[in-house]
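What TrEMBL lists as NADP(+) binding site is G166, R167, S168, I232. If you look up TrEMBL, you'll see 6-121 marked as domain 'Tetrahydrofolate dehydrogenase/cyclohydrolase catalytic'. Residues or ranges marked as domain 'Tetrahydrofolate dehydrogenase/cyclohydrolase NAD(P)-binding' in TrEMBL: 140-280.
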Amino acid sequence: MGAELIDGKAFAARLRARIAGEVAALKAAHGVTPGLAVVLVGEDPASAVYVRNKGKAACEVGMESFEHRLPAEVSQADLLALVARLNGDPAVNGILVQLPLPAHIDEAAVINAISPEKDVDGFTVLNVGRLATGQRAMVPCTPLGCLMMLRDRLGPLGGKDALVIGRSNIVGKPMAQLLLADSATVTVAHSRTQGLPDLCRRADIVVAAVGRPRFVQGDWIKPGAAVIDVGINRTEAGLVGDVDFDAARRVAGAITPVPGGVGPMTIACLLANTLTATARVHGLPEPDGLTP
Ligand SMILES: NC(=O)C1=CN([C@@H]2O[C@H](COP(=O)(O)OP(=O)(O)OC[C@H]3O[C@@H](n4cnc5c(N)ncnc54)[C@H](OP(=O)(O)O)[C@@H]3O)[C@@H](O)[C@H]2O)C=CC1
Ligand SMILES: Nc1nc(=O)c2c([nH]1)NC[C@@H]1CN(c3ccc(C(=O)N[C@@H](CCC(=O)O)C(=O)O)cc3)C=[N+]21
């Protein structure tokens, strides 16, 4: 036996192709081109690569991409002024401020300055609250991509035992909210959790978002479980996830690889959210299947 591979790269390519079709239709019928603004503060090379990939992906589906690079020393006031300008720019439908920000900047203040309608990361308190209360929200891209892959593989998630490892605002917490909204029975584990291996052994669904290379062991996995590996860890052996992939794939029913799993879906969902935001601001029908 061995797990089926959940091919996030191929899944994301199909999603992007659908989005490209919707963007073309939007242009033809309404003369509207969705625009995504990505803001990068500082010179972190990995962040620079992601930001470039996001811009490239936006252009490839026919969107406009606006890249803003600011020096690491930029003042909070200048960054807030840029966000305000993007909020007021009708060509910009989505705004992403790449995290983390330098320590001298109040991350929450910057995120919450983004207009909720343009908050394609779903990080503003308004969108977080909407998700938590079951109202129409912008949903964070990484958990949205994970949810799409899980539903595709498993069908309805109601009653499944789901374990989310990690409780960050960008992955763990919104992932737990989405699984809960789908009526899974959700456990959220973190660094103070006791008895994690046994919690994991009960889980039909494991989402690992820890940031520790090969942290989740093969013998923690329930036979047949669906394992979603969010981790991106650069090691001497290359890019590895938070799951010991070679061991876990022998036991799991389905598993995402790293690279080629959650990462490409995150970027495709950013485009999906940008398209959704564009449709909403123009009062047009939202394409199906892009939101939970
Ligand atoms: N593929 C993609 O698209 C994305 C990938 N990532 C990757 O996902 C990983 C997680 O990212 P992010 O959520 O931002 O990371 P954070 O560092 O913000 O959160 C990590 C979480 O893991 C928990 N944790 C740490 N050690 C343990 C432990 N020993 N046992 C159980 N839980 C533990 C922490 O617990 P506590 O809260 O108690 O400290 C925390 O909640 C990273 O590798 C990141 O690079 C992130 C975003 C997108
Ligand atoms: N405001 C904000 N929103 C984010 O969504 C956000 C962020 N800040 N800060 C950083 C994290 C990380 N993140 C990734 C996106 C794509 C890949 C990705 O495409 N990964 C490829 C590999 C790419 C590589 O080789 O490095 C893959 O897994 O196949 C990874 C990680 C989004 N994040």
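Placed from the backbone N, Cα and C atoms, the Cβ positions cover glycine too.
Close to G166 (NADP(+) binding site) in the fold, though at least 6 residues off in sequence, lie G172, V188, A189, H190, V207, A208, A209, V210, G211, V230, each with a CB less than 8 Å from its CB. Cβ-based neighbour count (10 Å, all protein chains) for S168 (NADP(+) binding site) stands at 17. The binding-site residues near ligand 2, defined by a Cβ under 6 Å from one of its atoms, are I232, chosen from G166, R167, S168, I232.
Long-range Cβ neighbours of I232 (NADP(+) binding site) (same chain, at least 6 residues apart, Cβ-Cβ under 8 Å): L239, G241, V258, G263. In the domain 'Tetrahydrofolate dehydrogenase/cyclohydrolase catalytic' (6-121), the DSSP tally of helix, strand and coil residues is 61 helix, 19 strand, 36 coil. Less than 8 angstroms from the CB of R167 (NADP(+) binding site) sit K173, A176, V188, A189, H190, each of them six or more residues away in the same chain.
Residues belonging to the domain 'Tetrahydrofolate dehydrogenase/cyclohydrolase NAD(P)-binding' (140-280) score a mean pLDDT of 98 in the model.
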